[in-house]
Every structure is written in C-alpha cells, then in structure tokens.
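To keep things clear, I will list the structure first and then write my remarks on it.
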Amino acid sequence: MAEYLASIFGTEKDKVNCSFYFKIGACRHGDRCSRIHNKPTFSQTCLLQNLYVNPQNSAKSADGSHLVANVSDEEMQEHYDNFFEDVFVECEDKYGEIEEMNVCDNLGDHLVGNVYIKFRREEDAEKAVSNLNNRWFGGRPVYAELSPVTDFREACCRQYEMGECTRSGFCNFMHLKPISRELRRYLYSRRKGGKGRSRSRSKSRGRERKRRSRSRERRSRSKERRKGGRDEKSRDGRSGRY
C-alpha cells in the first residue's frame, strides 16, 4: 500500500495531494483547493509570484477586461529582456549560480508573471527566498517561496510549444516567455568571461543610433514628398498630376 501511494504521489490519481501544485508550483484554486498543497522545506527552485508585468496585458478597462497596449513587438522584447537581465544578474550575483530561469506568459492569476529561478544549490534558493521577501520591485513587494518544480519539461504546455494550445493565456500549464538569443548568450557567457558591464548599457548607444537613423529617414522622406508636391504645382499651377 505504501509503495502504491508513493507511486501515485503528485499524479492525477492522487486524491489527497494536488497534482497541479506538485507539477507547476501554483494552482488556480489557491487556498480553496480541496487537495493538499505540499510546500517544500527545501528545493533548488525559488518562485517569485506575479513579478513580471507584461505591458501588453497590464492595461484593463473599467469592466476588468484586458486592453492591448500600443507596444510594438520590438519594444516588448526589449522591455522583457531588460527585466529578465535585471533579475537574473542580481540574483546570481547575490545568491549563487542559476541553472535555469523561466517567466510565465500566462494570464491566469495564479501564473501570470510568475518567475521561477532554479539555483544549482538548494542553500542558495533558501537564501534567495529569505532575502527577497524583504524586497520591493517596480513599486510592489516581492513574494518569494520555495517551489516544488525542478523539471520544467513536465510543467510546460507541450501544445503551446508547438503553437497548438487552444486555451490561450488561461491554460493551467506554463507558457514560458522566451528571451532573445543575444541575451541568452550574454547571461551564460558571464561565467566564462567574468562579470562585465550590463548588456543593456552596452547596447544603449547602438539603439540610440538606430533611432536617430530612422528619424533622419522619416524626415528625408517627408521632404521628398513636399518637394514632389511643389514640383507638380509648378508644372500646371495646381496640385495633382499634369
């Protein structure tokens, strides 16, 4: 009997312990769940609840429905990369080596903006939870706890990874938001090449040059259109083609 109970622990056959909490570290029923949420006393993984605020999802109308913010895909990725870098670098520098960090792109209250940080050592995760619960981020208090999740392959939505999830952002499995390849290379090369300056700061001048270049191109096109209009007027004394 004991072997059977151990074999079904945390699975859907387990009628006592919540399988969703065991796999994902979060449950849509929260404290009202009819099954037990076994919070770990030690784990490699630290959960920062609802930490990431997605600008595309944060705007809401008066009736509580979501409004899509006017943010381009490029701006959205830059905003997310900067957030990811800030959290990853500070946590690794202060608490210890990070094996994996994931951010949920779900919309359900129990998963939205959740940040899962898997440290190499359990002691580092415990230290992070203890310290981060006294911290604020983006004007909001940080809520940190140890999470039972260590295998994210089991926690992720496979249909979402294949582009086939029909539940959209309200799926109860993790929809992980990817970072750019450039940021991934930077974060994991820090260990080999030492802790250099921030990728965000090193890229700021390049982004400014790109913005100025685009601005000059727009002004140039505008001048050409105005010049073309004047040329047409000079040909027949009125606007339009001759």
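Keep in mind that glycine also has a Cβ here, set from the backbone N, Cα and C atoms.
Heads up, TrEMBL stuff is auto-annotated, nobody curated it.
Marked as compositional bias 'Basic residues' by TrEMBL: 188-228.
Feature annotation from TrEMBL assigns compositional bias 'Basic and acidic residues' to 229-242.
Among the features that TrEMBL reports, domain 'C3H1-type' is placed at 12-40 (among others). On the 0 to 100 pLDDT scale, the model's mean across the domain 'C3H1-type' (12-40) is 85.
If you look up TrEMBL, you'll see 49-149 marked as domain 'RRM'.
Per TrEMBL, domain 'C3H1-type' is recorded for 151-178 (among others).
Taken from TrEMBL, the feature region 'Disordered' applies to 188-242.
The feature zinc finger is assigned by TrEMBL to 12-40 (among others).
The annotation zinc finger is assigned in TrEMBL to 151-178 (among others). Counted with DSSP, the zinc finger (151-178) comes out as 11 helix, 3 strand, 14 coil.
Within its own chain, the domain 'C3H1-type' (12-40) has Cβ neighbours under 8 Å at 47, 108-111, 114, 116, 145-149, 154-155, 172-174, counting only residues six or more beyond its boundaries. When the domain 'RRM' (49-149) is classified with DSSP, helix, strand and coil residues number 38 helix, 22 strand, 41 coil.
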